[in-house]
Amino acid sequence: MEELDALLEELERSTLQDSDEYSNSAPLPLDQSSRKESNLDETSKMLSVQDSTNPFPVQLVYTTNIQDRNVYSEVQEPKKSPPPAKTSAAAQLDELMAHLSEMQAKVSVKADAGKKPVSENLDHKASLDSMLGGLEQELQNLGIPTVPKGHCASCQKPIVGKVIHALGQSWHPEHFICTHCKEEIGSSPFFERSGLAYCPKDYHHLFSPRCAYCAAPILDKVLTAMNQTWHPEHFFCSHCGEVFGTEGFHEKDKKPYCRKDFLAMFSPKCGGCNRPVLENYLSAMNTVWHPECFVCGDCFSSFSTGSFFELEGRPFCELHYHQRRGTLCHGCGQPITGRCISAMGHKFHPEHFVCAFCLTQLSKGVFREQNDKTYCQPCFNKLFSL
């Protein structure tokens with residue numbers, strides 16, 4: 001149809017040029033010629049009166065009779081020139097248009113009315129090709145150039161009308177189509193892949209990277225993380241939903257988390273304060289500790305010697321460990337690490353289990369008690385017997 005449009009345009013242009021040759025010529029005034037002849041007659045009469053012997057030249061005198069009625073020439077209204085007779089190309093064009101209208105009416109018939117035989121369609125096609133060829137020949141005979149602009153890469157036929165240059169080839173506009181959906185691309189934008197043309201929709205659907213979150217094609221900016229591609233607005237914390245900033249992200253079980261939520265959810269907790277351990281830490285008692293949190297559970301002093309005592313899951317210094325265990329010497333108040341003597345509900349270093357009066361060591365284990373103090377028998381008798 002594009003070839004037909006181009007041929008019609010050339011034919012119309014040639015018809016307009018032919019019509020311009022029939023121009024309207026303005027008629028001469030009615031009495032212009034008669035007035036000119038009368039003036040010449042009068043002039044010739046006056047010249048004949050002159051005396052050839054008179055040395056003085058005779059001047060011509062023109063008279064005008066004002067009583068005569070003024071005569072004006074009348075200009076006729078221009079008339080349209082009759083249209084030129086139709087050429088054989090125009091007649092053939094009319095026949096072609098009628099034939100096309102008939103074919104279009106037949107195509108619009110409902111499908112359930114039955115398809116026409118293939119031979120009839122081929123006859124119409126052959127007839128149309130023949131008429132197009134004849135029209136092209138007539139235009140050439142009229143001097144109208146019909147040189148093709150190349151051959152269509154799809155149908156391999158000459159291109160006379162509109163042409164599209166793409167992929168290093170020439171195409172009829174209706175033949176330059178998307179490789180996938182077969183829709184006409186025409187002069188619209190398209191994408192090329194492996195020498196084939198695709199409309200933007202199909203190209204993105206087939207070849208654009210997919211967002212790992214929404215699975216939709218990524219058309220603009222793409223973010224690559226965790227061996228996947230994402231829309232920038234879809235790469236956010238799996239817990240709080242905030243988009244990651246310059247601080248980056250942490251990965252756990254193939255899910256991204258912001259630093260705050262990752263540490264709160266997955267970082268080891270301090271055995272003292274139960275907060276996430278972020279930087280320096282101590283490992284003791286099968287858990288981790290902030291250095292400032294690993295102290296005695298009673299006096300909160302750090303373990304400068306590097307040793308501690310564990311009781312009920314908490315660290316203690318030696319003194320408070322023995323105090324809670326009840327293993328402090330009742331005499332000196334220091335922890336008992338070796339042998340001990342238990343008496344009066346207390347524990348003593350052997351050397352500190354002595355008489356409260358004479359300080360004699362009660363090594364034999366025989367003693368007397370008075371007011372929570374230990375005495376040997378002689379001192380007890382001396383001090384408390386009547």
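Heads up, the Cβ atoms here are built off N, Cα and C, so glycines get one too.
As annotated by Swiss-Prot, compositional bias 'Polar residues' applies to 16-26. Residues or ranges marked as compositional bias 'Basic and acidic residues' by Swiss-Prot: 33-44. According to Swiss-Prot, the feature domain 'LIM zinc-binding 1' maps to 150-209, an assignment based on sequence analysis. Swiss-Prot lists 210-267 with the feature domain 'LIM zinc-binding 2', giving sequence analysis as the kind of evidence. Sequence annotations record features per position, and here Swiss-Prot assigns domain 'LIM zinc-binding 3' to 268-327. What Swiss-Prot lists as domain 'LIM zinc-binding 4' is 328-386. According to Swiss-Prot, the motif 'LD motif 1' annotation covers 3-15. Positions annotated as motif 'LD motif 2' by Swiss-Prot: 70-82. If you look up Swiss-Prot, you'll see 92-103 marked as motif 'LD motif 3'.
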DSSP helix/strand/coil residue counts for the domain 'LIM zinc-binding 3' (268-327): 11 helix, 17 strand, 32 coil
Secondary structure content of the domain 'LIM zinc-binding 4' (328-386), with strand meaning DSSP E or B: 11 helix, 17 strand, 31 coil
